[in-house]
Amino acid sequence: MLKNKKLEFWFVVGSQNLYGEEALNAVKKDSKEIVDSLNESGKLPYPIVFKTLATSADEIKNIVKEINYRDEVAGVITWMHTFSPAKMWIAGTKLLQKPLLHLATQFNENIPWKTIDMDYMNLHQSAHGDREYGFINARLNKNNKVVVGYWKDNQVQKEIAEWMQVAYGYVASENIKVARFGDNMRNVAVTEGDKVEAQIQFGWTVDYFAIGDLVAEMNKVSQKDIDATYEEFKDIYILDIGDNDPEFYENHVKEQIKIEIGLRNFLEAGNYTAFTTNFEDLYGMKQLPGLAVQRLNAEGYGFAGEGDWKTAALNRLFKIMTDNKKTGFMEDYTYELSAGNERILGAHMLEVDPTLAASKPRVVVKPLGIGDKEAPARLIFDGVVGDGVVVSMLDLGTHYRLLINEVKAVKPTEDAPNLPVAKLVWQPQPNFKDAVKAWIYAGGGHHTVATLELTVEQVYDWSRMVGLETIVIDHNTNLRDIIKETSR
């Protein structure tokens with residue numbers, strides 16, 4: 001099981017020496033109280049550490065250098081308790097290489113109208129400091145996040161928590177390594193991409209391996225380990241033998257277990273956290289990896305089919321952000337076009353992620369009419385319901401583009417007893433026709449990552465961190481604006 005590391009966020013408060021020691025001591029006291037309260041709220045996924053009260057350019061530059069080189073620091077949260085002249089922030093901000101959140105808050109929620117004087121105004125002037133600090137971030141074209149509101153407010157704490165998830169993903173993205181078993185599916189366009197640019201812009205390492213490398217690792221797997229894993233299945237899944245001979249069923253499931261163990265060992269040896277397969281590159285294998293892929297998805301590995309390394313890496317990135325909850329590789333497959341009930345059925349040949357399962361999956365062995373191999377085992381289930389996004393990344397030759405579509409995953413209106421794959425059904429926003437048109441006009445791929453744990457804003461925040469052109473298709477979308485934006 002892939003686990004997220006324990007990282008932290010530093011809290012840096014801006015002021016200046018003009019206000020005197022007494023005022024600065026009050027600023028420190030208030031800052032520590034805010035940090036302690038946020039940490040004790042139970043709302044944040046990672047701890048905040050009050051690091052310093054910055055009153056000079058040298059202090060700011062030095063703390064930024066430390067933020068950059070300390071591996072345990074995922075990002076920085078800044079707050080302007082008072083006015084902090086922004087020229088002091090230029091050198092440090094230019095050096096900053098990690099995510100930045102500007103918390104536009106104030107220590108006191110209410111203005112004390114009956115007692116307010118200039119001493120109070122000088123100490124509590126976040127409105128003044130926010131604008132000076134915001135200007136320099138805009139001038140430096142810093143893709144920072146701004147959260148506004150009272151620091152005890154539930155919504156403010158929720159926004160900080162959601163940004164933390166994204167910031168963690170941004171930092172961890174540098175360690176994403178994708179193993180490609182075989183090349184891209186022949187003649188498919190949208191799964192191609194510039195791997196060098198992806199490593200420069202997103203930090204992703206993408207390596208190719210012949211399928212024989214995986215087969216060699218599979219051949220090292222012991223029958224004892226295969227049998228032990230099969231026994232575990234009896235508690236985890238529904239073993240649905242169907243019309244199969246019991247021995248035939250068990251052997252075909254165990255072949256997927258052999259693939260799973262071999263794959264895991266290969267990935268662990270090379271520190272790979274995502275991978276791709278291709279049904280056209282299966283020499284030496286008895287089955288296309290199906291159940292094996294799904295089992296590794298459940299452990300946090302990113303995946304995409306047909307050699308689509310961009311989607312595999314994006315999948316792993318979102319699994320990091322969501323702690324591997326309700327997130328997986330998806331493919332737009334078929335439409336429901338009945339008036340007023342339009343929706344999209346997403347699935348894949350085999351490899352639908354079980355973190356998206358709404359119920360206990362069934363292990364099924366059915367023939368696969370593609371790849372020319374034995375009938376593979378796979379998990380079958382209906383997908384979860386709720387609000388989420390589907391996200392696609394494409395290479396336009398001159399640059400990468402990200403598409404984010406807000407969706408509502410829904411329960412299928414009928415059973416599909418003859419469909420031998422897991423599925424997720426969703427209604428795209430703002431409505432079916434405009435969403436599909438916008439997706440097609442913008443060049444969106446058929447492969448996506450579907451997640452019910454991230455919001456449009458979170459994915460958009462990440463895209464800003466990496467300087468990625470992004471098209472959002474949601475309840476605010478105007479189709480003409482999308483066409484105009486994508487026709488430049």
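Note: Cβ is positioned from N, Cα and C throughout, glycine not excepted.
Here is what Swiss-Prot says about this protein:
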- GLU306, GLU331, HIS348, HIS447: Mn(2+) binding site (BINDING)
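Everything Swiss-Prot records as a feature, shown here on the structure.
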| residue | record | CB count, 10 Å |
| --- | --- | --- |
| GLU306 | Mn(2+) binding site | 24 |
| GLU331 | Mn(2+) binding site | 22 |
| HIS348 | Mn(2+) binding site | 23 |
| HIS447 | Mn(2+) binding site | 26 |
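What surrounds the Mn(2+) site, by Cβ distance within 8 Å of the Cβ centroid and not counting GLU306, GLU331, HIS348, HIS447, is the set ALA304, GLY305, ASP308, THR311, PHE329, MET330, MET349, HIS446 from the same chain.
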